[in-house]
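Have a look at the structure below before the remarks.
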Amino acid sequence: MVTTTMGKKKLADEEIACCYGAAGVDDQGRATELRPLALSSPHTQAFHLAWLSLFACFFAAFAAPPILPALRPALVLAPTDAPAAAVGSLSATLVGRLAMGPACDLLGPRRASGVASLLAALAVAATAVTASSPAGFVALRFVAGLSLANFVANQHWMSGIFAPSAVGLANAVAAGWANVGSAAAQLVMPLAYELVLRLGVPVTVAWRVTYLLPCALLITTGLAVLAFPYDLPRGAGVGGGAKTRKSFWKVVRGGVADYRAWVLALTYGYCYGVELIMENVAADFFRKRFHLPMEAAGAAAACFGAMNAVARPAGGVASDAVARLFGMRGRLWVLWAVQTAGAALCVLVGRMGAAEAPSLAATMAVMVACAAFVQAASGLTFGIVPFVSKRSLGVVSGMTASGGAVGAIVTNRLFFSGSRYTIEEAISLTGGASLVCTLPLAFVHFPRHGGMFCGPTTAAGDDHHDGGDAAADDHGDYVLLK
């Protein structure tokens, strides 16, 4: 029985290596470079499935804000209901991502991702059909927000498929392309709503019919992910198993007890957290401050999310590039510098919007620049995450990803809820919070690689001092959960 199992595992590895090309796979079966056009490769196929699945989740999570003017009369929404629903969506994202980390370590990221997409589709469809009040609107955004738990599965899957030489780029491109789903929702949902109205559907029902679109995307991508035969890099069907289940609490403890995971969660809370805030308020900001109609405001707001297509991948490229020159210390310094620049630009967006006669073109230009730096910082953050813990990669990924939701929730409650601050003042305060919360990166230290201000304290071959650190050699390699 053991011989048969080992034979199947060897066959699967040989098949993967054969499909991708021996020169493109390391000794653990991981791809050593990202080749998006090599469609015959199972690594590339998994890459495309992962980002398309997460794209559908972002589309569903941000489907409501661009059609808020249509939802307000249909669900009798008060001015305070939209911020409450945004907090509900972010809270769901937090809960889902915390749960998804251990689920990935136990079940494998592919299975966890597919099941999460299908469950989210059913919940969104059921809530869209039954919602008839502000409470129903909050519930709709909550269940849609749960789908963003798939981000953890996406990053965990990419970290398993790609070797250290390409993991920063792969994580950043997969997440960056997927994040464009929020921009697509800003553009497509108002147009889809108008099309449904033109087909003669009553106003009270049109928005419910429009929600068939995100549900269909979730179902299609969820089924495709579950049908894919490989978890990679070690073949198909690998999930929990008795040994993994037995070490469940050890896996959780390995992530929660590592201070670096908490610092990265805080950092991510004020790069990706800023992005979440802006994607929730940008359309309303442009409608109110510049008096744009629903479709135009959605298009203007979409510019922020659309930058993910290039900005987040650029962060991954930068992370891998500086690591080749300066190691982990380079990754940390570039993350700090890029996020600080994005925070400063966020402050400027708010200040420009508060001007007596704000310029739409100038405000949008600064907002796009802010988006570029903020999203690049998100890619840079997940260029570091795979190196924190070899055993608890899913937990660390889940903690970091959840940090984005926590940062957005806290920021929303402090600055965007109630009437204490105008939306322009709240945006500037968000940038100020980001400036402060980026500083703790200075305390992150890897024994074999050092930190921003300190060099290594452990030799590369001195394994027992590293406490399960991600590094396995001088080049910043890491070992995944076995």
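Yeah, the Cβs are placed from backbone N, Cα and C, and that goes for glycine too.
From the options 165-189, 265-289, the stretch TrEMBL describes as transmembrane segment is 165-189. Here the transmembrane segment (427-446) sits apart from the transmembrane segment (82-100); fewer than 3 CB pairs are under 8 Å, leaving out pairs fewer than 6 apart in sequence. Long-range neighbours of the transmembrane segment (392-415) within the same chain, counting only residues 6 or more positions beyond its ends whose Cβ lies under 8 Å from a Cβ of the stretch, are 83, 86-87, 90-91, 93-94, 97-105, 109, 148, 151-152, 155-156, 159, 251-256, 258, 261-262, 264-277, 280, 378, 381-382, 385-386, 421, 425-426, 429-430, 433, 437, 468, 480-481. Highest Cβ pair count under 8 Å relative to the transmembrane segment (332-354), across stretches 49-70, 112-129, 135-153, 209-230, 360-385: 360-385. Pairs of Cβ atoms less than 8 Å apart link the transmembrane segment (49-70) most often to 165-189, out of 112-129, 165-189, 209-230, 360-385. Note: the stretches the transmembrane segment (135-153) and the transmembrane segment (82-100) are in contact (3+ CB pairs below 8 A, sequence gap of 6 or more).
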